[in-house]
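Presented below is the structure to which this report refers.
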Amino acid sequence: MDNTKKYIVSLDSGTTSCRTIIFDQNGNMVSSAQTEFTQYFPQSGWVEHDAIEIWTTQLGTLQSAKSRANIKSHNMAAIGITNQRETVVLWDKETGLPVYNAIVWQDRRTSEYCDELIKQGKANIISSKTGLIINPYFSGTKIRWILKNVPEAAQKLQEHKLLAGTIDTWLIWKLTDGKVHATDVTNASRTMLYNINTLEWDQEILDLLEIPREILPVVKSSSELYGTINPKYLSQRATAAVPIMGVAGDQQSSLFGQLCTEPGMVKNTYGTGCFTLINTGERAIFSKNKLVTTIAWKLGNQKPIYALEGSVFIAGSGIKWLRDSIKVIYNAQECDFYCGLADQEPQNVYMVPSFTGLGAPYWDSSSRGAIFGLERGTKREHIVKATIEAIAFQSNDLLSAMQKDIGKKINIMKVDGGASNSNYLMQFQSSISDVTIMRPTNIETTALGAAYLAGSASGFWKSIDELKKLNPIDKSFRPGLSKEVVNKKLKGWQEAVKRTFNWTNSI
């Protein structure tokens, strides 16, 4: 490997695994490493991660990817970090040890408290300041829960030893040996504590949730110098201090990675969940259709770019459920085969995968998963197909809400994430939503976005125009079903979703 050549390193800390991908000047993957980590479900509706395991897993992938690429620390121009959003960690700043497991974005334990806030009439205050709705999905009520329910957290707070942050903040703090306690605007905008108009932690909301400002990180742009990694984390002989220069939450990172840099451009990521974002430019559009307003990114001293976002909680994790829980598939790659098989004996089976409630545009944390339309002749392929179609139906719900908010039709949607590899899903999505689907050559655009942000700040790449040449479209999908068939399918889906509403409150 050329000893003088430079690379960008992207750390991608996801919901189920950590990855490191190393990119060259042409945006090509030089090497990668990925390792899954443990999911904990201590009670119904609770989801936790071990923050130390996330740290050691992420570090392990960094070292593995570096070793596979056969590069030295001085070959690394910069590091970008992207992460699962909303998931929070609270830790002792002296020992570096968490006071409790990380509470994951899927966790619903604060549902009752969120209902209380809504009954108190706080919904408008929260939405007008943060762009979000009151929901256990977001970080704020999770932080409050730890402060109220974990004695060690209260004790460390009293001793002024407590720090809090999302996963990006935790990794930055660990990589810099506790020198930097910071986050970026995109992650801050998902906490339900950050004012997206003033670009500051909102004191009124902090007081409402009883969260002291002192435990929260400094908020920086998505593309600037955060600090440098201790060389010991790269190798025993490493001496070069590699800068962290790009940070963004996974979905905003994906939007940037897809180069949706103009207002009106849309992307959908098919990962653990599904996340559809539309760039709205320098203007924050507040949704009338239960989408959330978020910061897409902020490049250095430039004004922030905003986005409308819809979130689906279960997408790829529904496929994982097919594989791991009910064991009807051996791996995700089999799904297209079974969908094709189901088409030979069609049935009207609908799967609503609301295992942890419904996200946008329903926001029903009491909904639970259900399968409708089962017959004596229903086979595994019909269940698989219904699960795949549910991903597209949920994404279509988001697109429909988005089109109402912006007042015009969306014609093109860029896609990425693991499940976008499914040609069956992409074709069905195109047909059901009446959009052209564009899938790039490299679908790892979340990691690519963090690389672009770090590379832009470090001068590795000089302009957006230069970036646009790096990841061409690999395949496009165009609508292929009649309007009559589409309307019938959508009617069945809407009926199925409706029947899952308010489930946990009614039994």
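Glycine is no exception: its Cβ is also placed from the backbone N, Cα and C atoms.
Within the same chain, residues at least six positions away from Y137 (sn-glycerol 3-phosphate binding site) with a Cβ under 8 Å of its Cβ are E86, W105, Q106, S311, F313, G359. Per Swiss-Prot, sn-glycerol 3-phosphate binding site is recorded for T15, R85, E86, Y137, D250, and the stated evidence type is sequence analysis.
Swiss-Prot lists T15, T16, S17, T272, G316, G418 with the feature ATP binding site. All chains included, 26 other C-beta atoms sit within 10 angstroms of the C-beta of T272 (ATP binding site).
Sequence annotations record features per position, and here Swiss-Prot assigns ADP binding site to T15, R19, T272, G316, G418 based on sequence analysis. Around G418 (ATP binding site), a 10 Å sphere centred on its CB holds 16 further CB atoms from the protein chains shown.
The glycerol binding site annotation in Swiss-Prot covers R85, E86, Y137, D250, Q251. Secondary structure at E86 (sn-glycerol 3-phosphate binding site), as computed by DSSP, is coil.
Shown are the binding-site residues T15, T16, S17; the one with the most C-beta atoms within 10 angstroms of its own C-beta is T15. Least packed by the Cβ count within 10 Å, out of the binding-site residues R19, R85, is R19. Between T16 (ATP binding site) and R85 (sn-glycerol 3-phosphate binding site), the C-alpha separation comes to 13 Å. Most buried of the binding-site residues E86, D250, judged by other Cβ atoms within 10 Å, is D250. Note on proximity: of the binding-site residues T15, R19, R85, Q251, the one nearest G316 (ATP binding site) is T15, by Cα distance. Sequence-distant neighbours of Q251 (glycerol binding site) (same chain, 6+ apart, CB under 8 A from its CB) are R85, T269, F275, L277, E309, T446. Put simply, D250 (sn-glycerol 3-phosphate binding site) is 13 Å from S17 (ATP binding site) when counted between their Cα atoms.
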